[in-house]
């Protein structure tokens, strides 16, 4: 009988583990590579006084990798959990280094955070399916779905204040503001019917575009597809008839305007009651406002759905229903921002420059703190999602092949930390150790992958792993000691005080010699 822990591990492995056809690093190799990388990161972090940044980066990388693996799985519960976790992990992964670089003025700290994140991500990739073209697009499709849902709600809230939008555009782009005013403010009654006919026609076209873009039939259960499809056909027919009626009314109204001084006389003579009803309808500012909101929101829905399809939804393994948890998380995001925005904006305003504070105050007065908070949150999520498109792009373009993704990420993070240490002026010992550790990580990880591919996942590989690890560590240690001794000798010569360059040169020679010795 299996223990609960073993059962849990197997369940997790079956849910988000690497597929059978994907190469997996054997356990001993994974432990050795991870230990070397973590020890190197910690050593460099302590040397440059950035140990906390190492820990932050590791946590960010691990959480993001787990979130992507969960969101890209095929089980509903894990998809829901992964989408929610990704909605938090993605912006943190992108903006924590940016915040440390620009706002805190600590570029070295930012690089160390990125290094830790790469190592943490790579270690998770040793076991979980968290990197690759398919995985990246599927997981980010979930993220973009949540962002799109939040964006639609935000745009809807913005356009409920069409008058404010008109005023803003009137200041920034007068021609656009004037066009909105023409739609909102009724003209004299002789031309109001012409404007109203055009407004309804635009609303019909906008609604039709939104319905055409939304995958409504695919999102309903199979037993209801026929009924929903028939209902959509009826709606299309109604929209078509309404559009045709608007066109006829528009043309007839224009012709009447050309032949009589006042169009209202035409339908007033026909029926005073009809004149009263039509005048009330076509000159209603409230009804015009509603139609303009329908036009704007419908166009935004159509554009958002098409953009979402372009960046990921069409890659969701032909399962549009995956977008449902994304939409739910997007709505939860809106609720969370709506609750937190007033207090957060109030606290942020005090730390801004005077010009920025005035702009924030003006926007808050015009649109309210909830809308301003949602706009900031949605824009931030869009930028974070676009930045994370580098994950599937790196795999698809061959920069980080799926086979060696975990090893390359860990090696890249270790090397980046070493570069950060060199910039930060760490000692020769730590610098050379970082370069040698990078090469040992690559050699041990590559050998472990090859061993698994040759013998299979279930084959006993511990002996071969240990022998190769021991050889790599011994050779790397000897080259490390030789390089340090050489740098120490040079430090006592006339080169005293210029140790970084010799250290880098001899460390590079040591790294090349290490590779030749082990591969040779």
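Placement of Cβ uses the backbone N, Cα and C atoms for every residue, glycine included.
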| said: If you look at how TrEMBL annotates this chain, which of 268-289, 290-311 comes out as transmembrane segment? | reply: 290-311
| Out of 170-194, 370-394, which range is noted as transmembrane segment by TrEMBL? | 370-394
| note | For the transmembrane segment (196-217), the distant same-chain contacts (Cβ-Cβ under 8 Å, at least six residues beyond its ends) come to 183, 225, 228-229, 232, 235-236, 239, 242-243, 246-247, 249-250, 253, 281-282, 288, 291-292, 294-296, 298-299, 301-302, 305-306, 320
| Near the transmembrane segment (370-394), which residues from the same chain, at least 6 beyond its ends, have a CB less than 8 A from one of its CBs? | 68, 87, 90-91, 93-95, 131-137, 140, 143-144, 146-147, 150-151, 153-154, 157-158, 161, 311, 333-334, 337-338, 340-342, 344-345, 360, 363-364, 400
| query | Counting Cβ pairs under 8 Å that are 6 or more apart in sequence, does the total for the transmembrane segment (28-48) and the transmembrane segment (104-124) reach three or more? | reply | yes
